[in-house]
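**Student:** According to Swiss-Prot:
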TOPO_DOM  1-21  topological domain 'Cytoplasmic'
TRANSMEM  22-42  transmembrane segment
TOPO_DOM  43-54  topological domain 'Periplasmic'
TRANSMEM  55-75  transmembrane segment
TOPO_DOM  76-85  topological domain 'Cytoplasmic'
TRANSMEM  86-106  transmembrane segment
TRANSMEM  108-128  transmembrane segment
TOPO_DOM  129-147  topological domain 'Cytoplasmic'
TRANSMEM  148-168  transmembrane segment
TOPO_DOM  169-175  topological domain 'Periplasmic'
TRANSMEM  176-196  transmembrane segment
TOPO_DOM  197-215  topological domain 'Cytoplasmic'
TRANSMEM  216-236  transmembrane segment
TOPO_DOM  237-255  topological domain 'Periplasmic'
TRANSMEM  256-276  transmembrane segment
TOPO_DOM  277-281  topological domain 'Cytoplasmic'
TRANSMEM  282-302  transmembrane segment
TRANSMEM  306-326  transmembrane segment
TOPO_DOM  327-343  topological domain 'Cytoplasmic'
TRANSMEM  344-364  transmembrane segment
TRANSMEM  367-387  transmembrane segment
TOPO_DOM  388-396  topological domain 'Cytoplasmic'
Amino acid sequence: MSEFIAENRGANAITRPNWSAVFSVAFCVACLIIVEFLPVSLLTPMAQDLGISEGVAGQSVTVTAFVAMFASLFITQTIQATDRRYVVILFAVLLTLSCLLVSFANSFSLLLIGRACLGVALGGFWAISASLTMRLVPPRTVPKALSVIFGAVSIALVIAAPLGSFLGELIGWRNVFNAAAAMGVLCIFWIIKSLPSLPGEPSHQKQNTFRLLQRPGVMAGMIAIFMSFAGQFAFFTYIRPVYMNLAGFGVDGLTLVLLSFGIASFVGTSLSSFILKRSVKLALAGAPFVLALSALVLTLWGSDKIVATGVAIIWGLTFALIPVGWSTWITRSLADQAEKAGSIQVAVIQLANTCGAAIGGYALDNIGLTSPLMLSGTLMLLTALLVTAKVKMKKS
């Protein structure tokens, strides 16, 4: 693959960024994220319409994450020599098909099939996103392009639930997914128009994905990714009970806190390219260290609403650096195997999200209200130490 990348760069060196293609990728990512979380705000009407409980309907989110984890691991092995332009178009088609299957679902099994299609698109798209980006812009512009893509993620995360809830009341949950299918069609046409041909890896250069973990610093990097995202979900999954019981926020106050977090996350993502240009390793070590301190502050003084709100804003600003930073690390330190590294990264993140939420929930129920914070802070501190000591970083 390294020879293949080198040959392509030599023959087709990128001198000007293809921003139209980058924005089409960002739009596709935003659509994937919005559709992933639409059921969260539509569970009740979906459950009532299909004659199932809300808990069972909630598995429509779980199955997407589960399929995405496995899709991310095996998609790069499956699409080796395929032009990545056609692969991205396929993912957009799967996104659209998923929405239509869910919209017309008359049984829980058809609903799950639709959501599984989304999982394949979600996991596959994230697996190739870093390598895709580095083939659309010059090396010096990669952090900026990644910040555009992750900025779209931040916006999608902020608007997905309230938009789904509002439109669900207005036009019904099935028509919400029909509207999402229309967005998928727009994705397809935009990608067809803007994304250039991006040849895949020749079949004779296939390599085992997991051999990457034998490279110096790669295993440490993946462990650091796991701990940082597990730390995030150990806390953020339970931000509602923590903020309502520790700081005394009501529903309206919590909504404003979450909105502030979302806006801060978008701002942090927008500023990430400037910070990462200075030092990727400093950002990847510094961000979790700041989050560890924030968890400590919230544990000690979180009963003060001003302090709690400030921590939420700082958390949103700071954590935004982490996903962009690790994708930048892949494009620089593992550029010759960016797709395979991306597939491992996505699987690690999905596993971390699941483990972080599960362990955080156990701690909340069995240890105490601030235990998710202490768990999160500990994981973030360990991440900062591991990055500082073991993670290797190549200069751009």
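In case you wondered, yes, glycine gets a Cβ from its N, Cα and C as well.
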**Student:** Could you give me the DSSP helix, strand and coil counts for the topological domain 'Cytoplasmic' (327-343)?
**Tutor:** 16 helix, 0 strand, 1 coil
**Student:** Mind checking how the topological domain 'Cytoplasmic' (76-85) divides into helix, strand and coil residues in DSSP?
**Tutor:** 5 helix, 0 strand, 5 coil
**Student:** Cβ pairs under 8 Å with the transmembrane segment (306-326): which stretch of 55-75, 86-106, 148-168, 176-196 has the most?
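**Tutor:** Answer is 148-168, with the largest number of Cβ pairs below 8 Å.
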**Student:** I'd like to know if the transmembrane segment (216-236) touches the transmembrane segment (367-387) in this structure, counting it as a touch only when three or more C-beta pairs sit under 8 Å and are separated by 6 or more positions.
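**Tutor:** Taking Cβ pairs at least 6 residues apart, the transmembrane segment (216-236) and the transmembrane segment (367-387) are in contact, with 3 or more under 8 Å.
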**Student:** When you scan the chain for residues with a C-beta under 8 Å from the topological domain 'Periplasmic' (237-255), skipping those not six or more beyond its ends, what do you find?
**Tutor:** 298, 302-305, 307-308, 312, 356-357, 360-361, 364, 369-370, 372-373
**Student:** Treating G and I as helix alongside H, and B as strand alongside E, what does DSSP give for the topological domain 'Periplasmic' (169-175) in helix, strand and coil?
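**Tutor:** Secondary-structure composition of the topological domain 'Periplasmic' (169-175): 6 helix, 0 strand, 1 coil.
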**Student:** Applying the under-8 angstroms CB criterion, which one of 22-42, 55-75, 86-106, 108-128, 148-168 scores highest with the transmembrane segment (176-196)?
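**Tutor:** Per the Cβ under 8 Å count, 86-106.
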**Student:** Take a look at 22-42, 55-75, 148-168 and tell me which one has the most Cβ pairs under 8 Å to the transmembrane segment (86-106).
**Tutor:** 22-42
